[in-house]
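What follows is a set of notes on a single structure, which appears directly below.
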Amino acid sequence: MASKESKPSRTTRRGMEPPLRETWNQVLQELVKRQQQEEEEQQGLVSGKKKSWVSIDLLGTEGKDIKKVNIWEPCEKWFAQVVWGVLWVLQIVLWGCLMWEVRKGNQCQAEEVIALVSDPGGFQRVQHVETVPVTCVTKNFTQWGCQPEGAYPDPELEYRNISREILEEVYKQDWPWNTYHWPLWQMENMRQWMKENEKEYKERTNKTKEDIDDLVAGRIRGRFCVPYPYALLRCEEWCWYPESINQETGHAEKIKINCTKAKAVSCTEKMSLAAVQRVYWEKEDEESMKFLNIKACNISLRCQDEGKSPGGCVQGYPIPKGAEIIPEAMKYLRGKKSRYGGIKDKNGELKLPLSVRVWVRMANLSGWVNGTPPYWSARINGSTGINGTRWYGIGTLHHLGCNISSNPERGICNFTGELWIGGDKFPYYYTPSWNCSQNWTGHPVWHVFRYLDMTEHMTSRCIQRPKRHNITVGNGTITGNCSVTNWDGCNCTRSGNHLYNSTSGGLLVIICRQNSTITGIMGTNTNWTTMWNIYQNCSRCNNSSLDRTGSGTLGTVNNLKCSLPHRNESNKWTCKSQRDSYIAGRDFWGKVKAKYSCESNLGGLDSMMHQQMLLQRYQVIRVRAYTYGVVEMPQSYMEAQGENKRSRRNLQRKKRGIGLVIVLAIMAIIAAAGAGLGVANAVQQSYTRTAVQSLANATAAQQEVLEASYAMVQHIAKGIRILEARVARVEALVDRMMVYQELDCWHYQHYCVTSTRSEVANYVNWTRFKDNCTWQQWEEEIEQHEGNLSLLLREAALQVHIAQRDARRIPDAWKAIQEAFNWSSWFSWLKYIPWIIMGIVGLMCFRILMCVISMCLQAYKQVKQIRYTQVTVVIEAPVELEEKQKRNGDGTNGCASLERERRTSHRSFIQIWRATWWAWKTSPWRHNWRTMPYITLLPILVIWQWMEENGWNGENQHKKKKERVDCQDREQMPTLENDYVEL
């Protein structure tokens with residue numbers, strides 16, 4: 001151990017205590033330093049060199065000397081006044097705008113009002129749908145890995161309408177095509193399942209029956225659902241329109257879909273989750289499939305005129321050119337050739353994007369005969385085309401692993417033992433449980449067709465493309481001015497394929513049928529001079545022409561080797577007509593092998609394409625917590641609203657100025673109070689930030705104290721372990737000495753020499769503990785830890801004291817307002833707010849009372865006009881015969897003595913009550929429940945009329961009057977006993 005003089009002086013316990021009572025001067029000095037540092041920070045913030053918020057560094061790795069509170073101290077008065085004024089003016093402007101929108105009345109609809117108030121960015125369009133998580137919902141969730149029905153809301157009950165304006169703003173009248181990965185995942189699962197169980201199927205018998213049949217046959221139906229924050233927009237109304245018309249060829253580069261009505265839902269409609277290739281689908285899918293028969297928009301299109309385009313415009317869903325049916329990430333599902341008929345690329349595969357627009361719709365089989373298209377019997381024998389359309393799959397189709405007839409009534413099926421899943425064929429070793437041989441009439445069928453020239457906006461009629469040797473010069477058969485975009489400017493007088501030089505300079509091939517009908521126009525920008533130079537360069541065509549010869553219906557050129565030029569496979573010009581060389585609308589100078597302008601096929605789609613088509617009705621969006629929308633109200637509610645509107649229109653009040661004044665006064669008070677509270681909140685927030693930062697600094701200091709204490713405890717534990725090791729060493733030495741004594745051995749050069757066996761000596765532990773740490777070094781380190789801990793405790797105590805002081809400086813809202821403003825001069829009128837509110841409430845009550853009185857007076861005036869009408873009929877009685885001559889003696893024929901005194905009888909109270917009650921029952925006031933309280937006025941009206949008739953009022957008192965009654969036609973009057981009768 002070291003001597004007493006070499007030991008460092010120990011820190012007393014008194015010195016280790018934090019100096020809380022003796023450091024008030026230090027606190028004041030700290031406040032002065034902090035104020036100066038805050039001013040420097042504020043200057044740095046203005047110049048952009050400092051952060052506006054001080055970060056908390058618990059470990060002290062950065063900026064130990066900068067322990068700052070937030071730089072935002074209480075705002076100065078002029079700044080607070082400017083902020084208050086701006087907030088006040090802004091609120092008044094906003095309230096004025098809102099009142100202006102409300103006063104517009106019927107100029108806007110409910111969707112527009114909601115779009116005005118709600119967040120216009122309530123949902124975002126999701127373009128990469130493959131990143132959206134999705135799950136299936138079905139009843140058989142335990143077997144197919146789906147969630148149970150009820151996990152998501154029913155889309156038929158829970159929805160929100162999206163206004164048309166918002167749809168146009170987000171989608172720009174373009175409802176795009178999406179290649180959804182959800183059907184591809186379903187097909188991949190089926191494909192993987194078939195591969196894994198291929199060996200197991202070979203051992204099964206034909207009687208084996210499993211639930212997998214339901215999945216393969218498409219009986220497992222469910223929905224696709226997306227979780228929050230995603231949702232689906234389900235289109236309810238849509239139409240198509242052409243876009244980007246090519247001015248050279250006239251074809252539409254794009255066909256866009258405009259959705260005008262949509263709903264936000266969580267799940268799709270029910271559909272088959274998985275199925276193999278089939279032709280006839282379930283009747284539950286008919287409505288969904290029929291919805292994809294999209295009609296043309298109500299714009300000026302040539303195809304809408306059935307006189308020019310028989311059948312009108314085409315209906316269906318247009319899969320755009322360039323669409324990728326199976327993406328590159330899942331290319332193993334493509335197969336060698338496309339199994340979907342017209343849905344294919346230019347090589348008949350699915351490796352490349354689509355080269356031609358493909359239309360898909362629910363087939364209309366009303367005109368079909370025995371499974372063949374209309375006019376199928378009129379085709380050339382062996383041909384697969386009729387009326388300009390080439391048909392695929394007529395006669396035999398593939399349905400649920402069977403070869404089925406295209407005639408749905410026959411339903412003849414032959415099971416092939418193979419199932420097509422995508423582009424792969426899998427064997428099916430046992431008899432399926434589904435019934436294929438049945439009458440499939442009424443089941444929906446997909447119809448896939450392509451317009452190779454892509455002129456659907458001009459006509460829906462398909463044509464047989466002309467060969468080049470059948471294209472001749474018109475020579476007067478074509479008149480007028482037409483183009484590829486204006487087919488109606490020309491007239492033809494003879495059937496044929498006429499080469500025509502348009503006024504724009506390009507060449508046109510006008511296809512005329514039935515001597516007057518133009519069925520198509522193909523064009524190019526190449527003029528006649530350029531074409532004729534190419535024609536003259538052809539071998540042996542110097543003396544030839546393109547004039548029409550022959551007596552055929554379409555005509556032909558004189559020399560077949562000198563027809564309209566085109567480029568061959570070597571991209572060289574040639575005029576030789578070939579057997580399979582046709583002209584196409586989009587390839588005027590190329591060699592085209594397709595004879596017909598349209599291609600069609602029925603069926604041929606599996607569940608993947610079936611789901612893919614049905615899902616095009618939906619668009620994936622990303623929504624917020626509260627997405628705006630209009631919830632459809634019941635019909636009774638709409639009728640009630642209509643009646644209320646009519647009643648309000650009938651009972652419009654003229655004087656509404658006082659209501660507007662009240663509303664403006666309330667808004668002004670709210671704006672002033674809001675602006676004041678906003679400034680108070682800013683001031684209070686400044687103090688709060690300062691206090692919170694002080695508390696954070698104090699917490700950081702206490703954290704450092706804890707870390708130092710932990711280091712000191714570790715050092716003490718180390719010393720204890722050293723002491724324990726040394727004690728253990730001494731104990732080992734003592735044990736060894738005892739063993740030596742028992743073994744009766746002695747040491748010689750650190751070895752024990754004994755006569756006992758060497759195995760006993762191996763039992764003894766000869767390990768020695770070596771440590772260079774002395775007690776003096778350990779005590780010095782303990783002294784250093786104590787000193788450091790004392791300093792940290794003082795610093796932590798100071799920080800806690802400063803934090804408590806800053807926390808006490810936080811004022812409340814009203815004190816902050818008093819500090820920011822001089823309320824005694826500016827807002828001394830605030831003390832009259834209760835009186836103002838009471839006055840406003842009194843005016844409102846007075847207004848309500850006046851409205852009630854006005855309604856009562858109006859009702860009284862209407863009911864008062866209903867009177868009990870008294871009709872007095874005076875009929876003279878015939879004169880006795882014996883007195884007749886006596887009365888006629890005066891020469892006046894008795895009429896002078898017929899002036900009598902009228903006898904009147906007043907109505908009783910009961911009669912007046914009956915008349916009033918009958919008038920009430922027959923009035924429209926009785927049928928409306930809002931006017932039922934007016935029945936309380938009936939007794940007052942009855943009393944008033946009774947007083948008027950009985951003379952109690954004085955001014956309308958009845959007086960006895962004499963009534964002169966003419967005695968004209970008195971002999972025709974009936975004989976009565978009384979002198980007159982009151983009715």
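Placement of Cβ uses the backbone N, Cα and C atoms for every residue, glycine included.
These numbers come from a predicted model, not from an experiment.
According to Swiss-Prot, the coiled coil annotation covers 689-739, 780-815, on the basis of sequence analysis. What Swiss-Prot lists as N-linked glycosylation site is Asn381, Asn403, Asn435, Asn439, Asn475, Asn481, Asn501, Asn515, Asn543, Asn697, Asn765, Asn788 (among others), and the listing cites sequence analysis. The region 'Disordered' feature in Swiss-Prot is assigned to 1-22. Marked as region 'Fusion peptide' by Swiss-Prot: 657-677. Annotation source Swiss-Prot lists region 'Immunosuppression' at 723-739. Under the heading topological domain 'Extracellular', Swiss-Prot lists 107-832, citing sequence analysis as support. Sequence annotations record features per position, and here Swiss-Prot assigns transmembrane segment to 833-853 based on sequence analysis.
What Swiss-Prot annotates, mapped onto the structure for a quick look.
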residue : record                      : DSSP (3 states)
Asn403  : N-linked glycosylation site : strand
Asn435  : N-linked glycosylation site : coil
Asn475  : N-linked glycosylation site : coil
Asn481  : N-linked glycosylation site : coil
Asn501  : N-linked glycosylation site : strand
Asn515  : N-linked glycosylation site : coil
Asn543  : N-linked glycosylation site : coil
Asn697  : N-linked glycosylation site : helix
Asn788  : N-linked glycosylation site : helix
Where Asn435 (N-linked glycosylation site) and Asn788 (N-linked glycosylation site) are concerned, what is their Cα separation in Å, rounded?
90
For Asn439 (N-linked glycosylation site), nearby residues of its own chain (Cβ under 8 Å, 6 or more apart in sequence)
Pro408, Glu409, Gly411
Please determine which of the glycosylation sites listed here (Asn381, Asn475, Asn697, Asn788) has the lowest count of neighbouring CB atoms within 10 Å.
Asn381
Going along the chain, which residues six or more apart from Asn481 (N-linked glycosylation site) have their CB under 8 A from its CB?
Gly489, Cys490, Ser502, Thr503
Rounded Cα-Cα span from Asn403 (N-linked glycosylation site) to Asn788 (N-linked glycosylation site), Å
92
Could you measure between Asn501 (N-linked glycosylation site) and Asn381 (N-linked glycosylation site) for me? Cα positions, answer in whole angstrom.
37
Have a look at the glycosylation sites Asn381, Asn403, Asn475, Asn543, Asn697 and say which one has the shortest Cα distance to Asn515 (N-linked glycosylation site).
Asn475
Check the glycosylation sites Asn501, Asn515, Asn543 for other C-beta atoms within 10 angstroms of each C-beta and report the one with the most.
Asn501
Determine, to the nearest whole angstrom, how far the Cα atom of Asn697 (N-linked glycosylation site) is from the Cα atom of Asn403 (N-linked glycosylation site).
82
Hey, what's the Cβ neighbour count for Asn435 (N-linked glycosylation site) at 10 Å?
10
Is it possible to get the count of other C-beta atoms within 10 angstroms of the C-beta of Asn403 (N-linked glycosylation site)?
15
